[in-house]
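So the structure is just underneath, and the comments pick up after that.
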């Protein structure tokens, strides 16, 4: 029966925080390049194996004291001009390769100015290989017999490795060998003589304590960082002679272990030093180098050669690789050849060389900044962010400084005096880098399998030569005594020999008997054990059959449950879809309901607003019609009273004519008396029934007029002679030709018992301004009429028959301005003699910005229907102003009215200003407030023309 393979114990997890307190500083080494000429001036001197001294060469600026400045810098070890590549490798790179084989990461990079020997240190020269070929040689010397077959390990795109079994690896090898031009071949090929001398290393170097129970695989990759872009030097791009494609840059990614790697980078599996260096040399030919003023082959990019060592333990039998991905250990050694920092004033770089130098210096400056921040965070406990992402170089090696691994730096310097300033900056950077500490890498975890399993099934020699057990037993017998017989008479040697042989024979026979006895006992025991095993096997087989039947039944039950589960899942899916449809319908209905509710609320609000508006309009209309009715009733009453008064006066005049005796014809007065005589006309009754307290007196004690005084009824006040007033009104006697001296106006009528009260009404006084005791002679017919109301206020009433004269505004100065004549299309052409004529005017039917921008004045012709049925034309004038926004605004300043009247219309007589008295506290209801307050006297601030007549009546609101 085949023994069951034991399960591999789980790999113990190692916490990263377990060794976080153990840190090692960055190892910085210094290598001094030999001078090109023996008599060349030198600025660097090696003091001992750890210290160099940098002194100012002749011709440079001295310090403040006038002396040359000498500075010493310490390193972990200093390599002079006579140091060989072997010595440098043993001290710097050998520990890194040893850690690589034991599953630890490492970083080695060279730093210095251009032409300081960095590439020579890393690559070497014919006959003297550098660090890179020596590292490869040491790796393959250590794992040469433990390497896995090709394609057992296969890289993926996630910075990890996959394991293939022997069969899959064999198929992969056959597939690659069947290709017309395989990239790698397992057959031995002749080494390229171009680099054959570089990899011929005479000194044999091998790592110690290599795990023999593991298999190893080596993968190499080669990239360069050019102008802060990453390019794969091993990428095979098909050559197109017509349109060659430029190399594509690669991107940086972070794997699950937070390690940075180049996505899509080519990793080649190598099996020997020659094959690995051949891959390196193929990529080295693609690297960008150029001839500068300081170096014939100057590196224009940073190159990174990665050596990835993959190891996996053997299974418990020691025959095949353990097919568990968790047991794979991947370690990486990065060999970096940094481009040299340079100054453009020395290299005289132009064009692309200048751009390359700028990018190189920028990346090196970023590396120095990262070191400064790391040093400050570690020394002072700060937590500043390290700017790794500012450069692809620092971002690629971020996990070495923040994670685990050993970091080594070789500072290459050229001791010639011309490189003094550059070497000074390099030394300062090296001094800062030595103070940066990196976490110590952890040891590789033990897999837990039995050591030495590789040689478990390997034969130790030929099968036919194996010694028997009896021979082994015989070898344990005591040695025979000496058998040399020197004397013929020797009788002791042979008896001793015979006795020893007999003892050995007896002992051998006894041991054979014991062996046979033990063998028979072991056979019996083995037979019993076989019987017991057989019985147990039969018992286990019966149980196994029962278990298999049970398992088959459970499988059937599982299949039934799976079918039921699928049916239920299908029903659940249908229900979920139905629920989704219902929920969607519900959401749509809810949205529609919300929309309808909002619409209903808006309608309700509009309805309430409309109801309130209608209520207000009804109330306003009701109040308006009530006022209008009251006003019309009052006007009708007043009209009737006036008619009664006129009839009463006519009756009185007729009565006076009838009753008066006939007298002689009066003598015609002279002109002088006519001038001094105050001619009065009959005053029409006031449109309102005035209070009986209103009287008019003549100032300075003058006598009343000679006309006979007539009295109204008992309910009215005394008045002047009605006959003279009527005759004067009928004869149209102008009253403004007679001067009138007015001293005062009685605000209240004095009621005295037994004295007849007479209301002396003088002709209406017209004038712009008057004073007490001064004669005022009106000069214009349209001057303001001044009256007194029952409250003692002065009323200024214009003469309605006077010609219209604009008193408020000055004469228009539009003669020199350009006008916009706005005549709407709805206006009608009037046949008046006086027509508005504006020269150089722009006539428009609709006001526009273009016309307003060209003119300074604006005139709008507006027509409306007057109260008498005639068309009234208003010319509304204004000034045009420019606004800040670039437009125009119009400020209206004046209105001119053009109106036609019929000359046959009867002139309405004015009512008398004297009205019957009303009780105290009673208010006048003859008209509304709007009509009473429509006329006022207004004087603007700063005006020198005196008060002016202004009409403030608002137009009646039309019915909606």
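Any Cβ shown, glycine's included, is placed from N, Cα and C.
867 is the residue among 116, 552, 756, 867 that Swiss-Prot describes as phosphoserine. Of the listed residues (145, 155, 303, 943), Swiss-Prot tags 155 with phosphoserine; the rest carry no such note in the record, though that does not show they lack it. As annotated in Swiss-Prot, phosphoserine applies, among 160, 341, 912, to 160. Per Swiss-Prot, the phosphoserine annotation among the candidates 605, 706, 762, 924 falls on 605. Per Swiss-Prot, the residue annotated SUMO2 cross-link among 206, 536, 877 is 877.
Within the list 391, 714, 814, 826, the entry that Swiss-Prot describes as phosphoserine is 814. Of the candidates 398, 571, 636, 643, Swiss-Prot records SUMO2 cross-link for 571; the remaining residues carry no such annotation there, which does not rule it out for them.
Secondary structure at residue 119 (ATP binding site), as computed by DSSP, is helix.
Other C-beta atoms found within 10 angstroms of the C-beta of residue 586 (SUMO2 cross-link) number 11, with every protein chain shown included. Residue density at residue 874 (SUMO2 cross-link): 14 other Cβ atoms are found within 10 A of its Cβ, drawing on all protein chains shown.
With all protein chains in the displayed structure included, the most crowded Cβ environment within 10 Å among the recorded positions 118, 571, 624, 647, 823 is that of 118. Sequence-distant neighbours of residue 854 (SUMO2 cross-link) (same chain, 6+ apart, CB under 8 A from its CB) are 818, 842. When the neighbouring Cβ atoms lying within 10 Å are counted for each of the recorded sites (877, 899), the highest count belongs to 877. In the three-state DSSP assignment, the secondary structure recorded for residue 113 (ATP binding site) is strand. With respect to their backbone Cα atoms, residue 586 (SUMO2 cross-link) and residue 114 (ATP binding site) stand 76 Å from each other.
Counted within 10 Å of its Cβ, the other Cβ atoms near residue 119 (ATP binding site) come to 25, all protein chains included. Within 10 Å of its Cβ, the residue among the binding-site residues 112, 115, 117 with the fewest other Cβ atoms is 117.
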